[in-house]
Structures are given as C-alpha cells and as structure tokens.
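**Q** Summarising the annotation, TrEMBL assigns [2Fe-2S] cluster binding site to B:CYS99, B:CYS104, B:CYS140, B:CYS144. Among the features that TrEMBL reports, compositional bias 'Polar residues' is placed at B:243-258. Residues or ranges marked as region 'Disordered' by TrEMBL: B:224-258.
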Amino acid sequence: MTTAAPGSYGTGPEKLLSPVLSEIWDEPESWTLETYLRHDGYQGLRKALAMPPDDVIALVKEAGLRGRGGAGFPTGMKWQFIPQGDGKPHYLVVNADESEPGTCKDIPLMFANPHVLLEGMLIACHAIRSNHAFIYLRGEVVPVLRRLHEAVREAYEAGYIGRNVLGSGLDVDITVHAGAGAYICGEETALLDSLEGRRGQPRLRPPFPAVAGLYACPTVVNNVESVASVPSILHRGKEWFRSMGTEKCPGYTLYSLSGHVVNPGQYEAPMGITLRQLLELAGGIRPGHRLKFWTPGGSSTPLLTEEHLDVPLDFDSVAAAGSLLGTKALQCFDETTCVVRAVTRWTEFYAHESCGKCTPCREGTYWLVQLMRDIEAGKGTLSDLDKLADISDNIFGRSFCALGDGAAAPILSSLQYFRDEYEAHIEQRGCPFDPAASTLWADQPSTAHQEVNA
Amino acid sequence: MTTQVNLGLPELPAEDYPDEVRARLEVDAKEIIARYPGSRSALLPMLHLVQSEEGYVSRTGMRFCARMLDLTDAEVAAVATFYTMYRRRPSGDYHVGVCTNTLCAIMGGDQIFAELKEHLGVDNQGTTEDGTITLEHIECNAACDFAPVVMVNWEFFDNQTPDSVKQMVDDLRAGRTVSPTRGAPLCSFKQTARILAGFPDTRPGAVSASGSAGPASLAGLRLAKGATAPARPDAAHGLVPSQGESTAENGTQEGEGQ
Ligand SMILES: Cc1cc2nc3c(=O)[nH]c(=O)nc-3n(C[C@H](O)[C@H](O)[C@H](O)COP(=O)(O)O)c2cc1C
Ligand code: SF4
Ligand code: FES
C-alpha cells in the first residue's frame, strides 16, 4: 500500500501531488497539438501501434486502471469483453457528459488538453479494433466543444486521425457530438440511445454494450478521464502507474475540491490520498469555519462528515466507510450550511432529471421533493422523516438504473448523520440557518477580524 | 419567422421553411448526417441546427428534421421535448443561466438568481422586454470549483457575485462586448447553437480566448510545481519519473517542438 507520489520532492504535503493529466495545463497554449507534442504527446500511441492489440489490452489490465466515471470498473477488462472476429463494426464512445452534481474534472481536462483524450481514444480503438469513435460531450460547455473541434481538426491534418494512422494501417474517425441537456444521458446505455437520436433512457442489461451497444454493435463506453489516463500508461509503463495509489486501486487521479474551501480546484494525486491531506493542500476550510459534511464523489454518493477525514479516497476504502468514491468530486460544506436545504436541492435535481422510465424513481422522486420542501419550509411532521426513509428505501435498489440509487443516497445519509437537524426544522417550524452566511462573499468585510482572532 | 405559437386552437400542420432557407439548411443537414453510420444519430445536432436558424425549435424546424431523417413529426417532437437545451418558444439573444444546483446555490447562486430576477424584471425562463436576455436557473455545469457559476450562451462566468452579474447583463443590454472568464467573447444564441450543431466557431481567436485553464483548474498543479522548485532543472517530467523503457525519451526538456 503506497500512496506516495514518486519523484516529487520537498517535505511539505505538496509531495503528495502527482500531476500527470494536468501536467501541461499551465503552458501558454496547452490545448494545441504543438504544445502536446513538446511534452511527449502521442508517444504512447506510437508504442501502442507497435504492439498487437491484445497486448495493449493486457497492459492496461495489468496496470490496474479502473474507470474514472464513477463505478471503478477495470478498463482493460471492459476492452477485453469486446468480441473479436465477429464481423461487426466496433465502436468507442467517450462519456463526456459530466453532469453529476459536484463533478468538474473532465471539462477542465478537455479544455486544457484535448489531445491527451484523442491519444487515449486512438490507443483504445487500436486495442478493441474500432474504426469509429465518438465523444459525447454535454452540450452546455461550448468553450470545450470549440477546443475539441480544433483538436480533432489538427489531429486529422497531422495524420493522427483518419486513414492509416501514422502509417500503421489503422483507420480511425473521431466524431464530436454535443448533447442537449439531460443528466441521464451520462448513464452509458441512455447515452447510447441519445447518440442514436432518441430520448435518453437507459436500456435493459444484458445485453451489455460490449455485445450490443451503439447500433447494436460491440461498444466500449469509457469516461473521459479513464481514456485520457491510457497514454501515460503506454508511455511510462505499468510499473510506473502501479507505483502510485493502492494495490487494488493503482495510479493517479483528479480530485476536485469545491465549496467552503480556501483554494478550491483540481488536485491530481495518487489514489488513496485523504480529504484531510487534500484540505491541507487547499488551505483548509475557509477561515473561522469547520467542515460539516462532504460528498466523496458527487451528489449520488452518500454524505460523509468530519469523522471520515482520514478515509483513503480509493474505491474500496470509501465503500468500506459506507459511501462511494464516485467521481472524486469533493464538495465541502461548512457549519453555516443547512443540510436539509442542500439535500432538498439535490432531490429537486433528481426529480427533474428522472427519465420517467421506471416507477420507483419517477414517482418516488416526485414524493421526496414534496416532503423535503415541506420539511425545509418548516411545514413537516416527525412522521415525514419515516416516510422519507421509507420512500428512499423503496427507490434504492429497486430502480431501473443507478439514478434512482443516487436520489436516495443524500437523503438516507443525511438522515443517518443529521436527523437532529431535520427535527429542528420541524420543531422550530422553519430553517434555523441563514443562507447569507454560506455565500462566497459572506465573510468578506470581516475577514480581517477573523484572521486576528484565529 | 414562419411559425406562430398556437393558443388553444387545434394546430395546423407546420409550415415549411421558405425555399431559400430550406436549401441552405439542407446542405448543413447533409453534412451532419454524413458524420454518422446511422442517419438518426444526426437528430440532436440537427435540432441544434434548426435552433440556430430561429433561436428556438419551432414546429417548422422539427418538420424539417423529420423530413430529412425519414422520421415522423411525433418522433422528432418526442426527442426535442426530452432535452432541456432546446427552446420551445422564441427567446432572447443571450441565454443567462444561473447555476442553482446545491453547491453553487449555497455559495451564492440562489442570491444571484433572486437579485437578477428583480434586476431584469423577469421570472425563471422569462425574456426581457427588449428581447436581449432570457433568464433561467440551470443545473450543475461541471464548474463547481468556480462557484458560483453563471453561464451565458453556455460560456463560463466563474466566481460570480450579484453585482458582477448585474453589471454583465447591463453590458449585454447596452450592446457592449462581454467576455466570459472561460470561453470566447459572446456571440448570439443562434451562433452558439450552430457551434453545437458541430460547425466549428470560425471567429479568429475564439479557440484560444481566455487562455489554457482557469485558476482553480491549476490549484494543485501550481502547488506541485512550487513544491518541487528546487528540482526545477528536472522540469515538468521530474514530477513523475519516466519508466526509462521508452526509446523515444528525450534527454532535454521543453523547447523540443516538432
Ligand atoms: C445517472 C448516471 C449518470 C452518469 N453520468 C456519467 C457521466 O456524466 N460521465 C461518466 O463518465 N459516467 C457517468 N455515469 C457512469 C456511466 O454509466 C458509466 O459507468 C461510465 O461512463 C463508464 O466509464 P468508465 O468505465 O471509464 O468509468 C453515469 C451513471 C449514471 C447512473
Ligand atoms: S431510475 Fe430514474 S432515471 Fe433510471 S430508468 Fe428509472 S426513471 Fe429513468
Ligand atoms: S453546482 Fe454549480 S457548477 Fe456544479
């Protein structure tokens, strides 16, 4: 079990960081092919093309890369599921829908360095024998779309995409596809329906996308960060990758800190760093305040509290602590935050985004919103709390896709840790918190005072 | 343009685009369709395309998509109404979306949205009388480390305050050029929809505008590089050692452009 970042120096907590994906984001024109090539760009692809496809799959598998889209499924294994010699076209679809509340890593990655994603896609296409790959980008991020358009254009022009990639005999086309606003389209089978020009609703599995995905052909759906992590594995080797992170969860990853943190942002570190370590790097919770609750990986992952500050942020350890690593979206809220308000808002989100296909989620989220709004407004009763828990239990594990589980997670976990706060809303017939105290500008006039007191 | 909103009366079949418009859009539509192995995949980008023509997805636009893709009007309408980015009625030149998902809401998005409604005199999804601005609250836009976030025509306005946003909408209404913190100087909503249909933004400097990455995106990187300052001769690659098995390993650092 090692979580050190090899090759970093110094004695401060900074030595815990390991920028790989973010390594060139501070270059003046980091998104260009020229900048990327100056920093070993497309070297991983050259290596991959010199290897038989199955060896590439084996390498990614042995490196231990696990999907960064939330579930942590081993990427090499996913690629291996693609049947070979079946005579059908194979497709690679990059999931760039990034819409899980709190999640904000893929968008800055593609904005600052779209070529690392393209390189990863080309390696994956070689591995799974695909000639056509797609990037399904959520539509609401036009600056990223611009850079993807430009990167694809540059890469075609330079011969990295198109016929006979780098003289290898591999033909690959890459299509950038902008979605149109629907969280559920991040769910991989809903994404495929959406990419086929339909309403984005999840499909029954099996058959899994590896067997019948896009246009009923074998398809790999991978998250942006998963695919973008592949070039470094090819270029620097699996041992290098495994020298970071934990035994079962090797490598580096982007942790996204947001909320009441002094320096929110992207922190790329080996898997298994803790929130306490990350907060030390980020200057801590804003002065004069303390952490109240946080999400380890977006709003669909059960809330954690101060007592979980030392949980290693890898898939297995966070699961053992009763939550999920998810997308490593660490939304931090301090003691000024009303947990009932936070959870009500997330619940409204799930109700709005429920695709309506299955009853537990469609009806359940509707009722959860009514109950949460009433409680927040001081119009709830104590029996509503049991009703909340009961409805959540009926959604969790009984829904057609994981959106339903996600909707139940914030409610069940907040009831577990903050039941007294729900009760306070009911007993005091209103919210005991002042929303103004939570804002970014709340402490600004009095910052000086607090620093003196601190 | 060609379509009116029908109130109460049974709807007549949608009119077609005028010949000149249809001919022009057909060229674009064919280009979109050619990108995909299956033509129906072109539907979402084509709905963005018709939105770029009229500023919203009209019945005429849906009918055009149906004809081009050999679908029924109902099939197209079922898709168009599923996705939130397609607008169902004419609206402003600038779509101002205030993120009020939990994190932004708590960091001040709720206050921004409330003050903006009052400042503009419109409600959620309302359009100002001058037709410049349509206000809407939006869901998490994958920028939580820049909270509170406001999107205008889907460009990023990071770390906003009520005052900064009011100033920004005043500038827009006064016809001044407004630039996002991440993204390109604002174009109209229709032009934005055309980019979404997959036609690259051809304005000079649009791709490079606002630089490589926002400050929050660099928070960890700056720290890592600062912390390794003594080892700087080893430069960026020193942060994570190479395997050594690479034959293409270059001995020197930056400035090795190709
Ligand atoms: C409601 C819902 C939304 C999701 N949104 C995303 C998303 O925006 N991006 C993503 O990569 N995965 C998302 N996922 C997970 C995908 O279904 C899928 O597991 C992932 O893309 C697989 O990629 P990976 O193996 O590389 O992690 C979502 C899942 C659900 C249930
Ligand atoms: S759980 Fe919700 S989002 Fe998923 S299929 Fe059912 S209704 Fe749709
Ligand atoms: S909550 Fe506003 S960008 Fe994520």
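Keep in mind that glycine also has a Cβ here, set from the backbone N, Cα and C atoms.
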**Q** Does DSSP give B:CYS99 ([2Fe-2S] cluster binding site) helix, strand or coil?
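**A** In three-state terms, B:CYS99 ([2Fe-2S] cluster binding site) counts as strand.
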**Q** Among the binding-site residues B:CYS99, B:CYS104, B:CYS140, B:CYS144, which sit with their Cβ under 8 Å from a Cβ of chain A?
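**A** Near chain A - Cβ to Cβ under 8 Å - we find B:CYS140, B:CYS144.
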**Q** B:CYS99 ([2Fe-2S] cluster binding site) has how many other Cβ neighbours within 10 Å of its own Cβ?
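**A** There are 29 of them.
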**Q** Do any of the binding-site residues B:CYS99, B:CYS104, B:CYS140, B:CYS144 touch ligand 2, in the sense that the CB is under 6 Å from one of its atoms?
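**A** Checking each Cβ against ligand 2, none of them comes under 6 Å.
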**Q** Can you give me the same-chain residues 6 or more apart in sequence from B:CYS144 ([2Fe-2S] cluster binding site) with a CB-CB distance under 8 Å?
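**A** Listed in sequence order: B:LEU103, B:CYS104.
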**Q** Including all protein chains displayed, how many Cβ atoms other than that of B:CYS140 ([2Fe-2S] cluster binding site) lie within 10 Å of its Cβ?
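**A** Here the count is 31.
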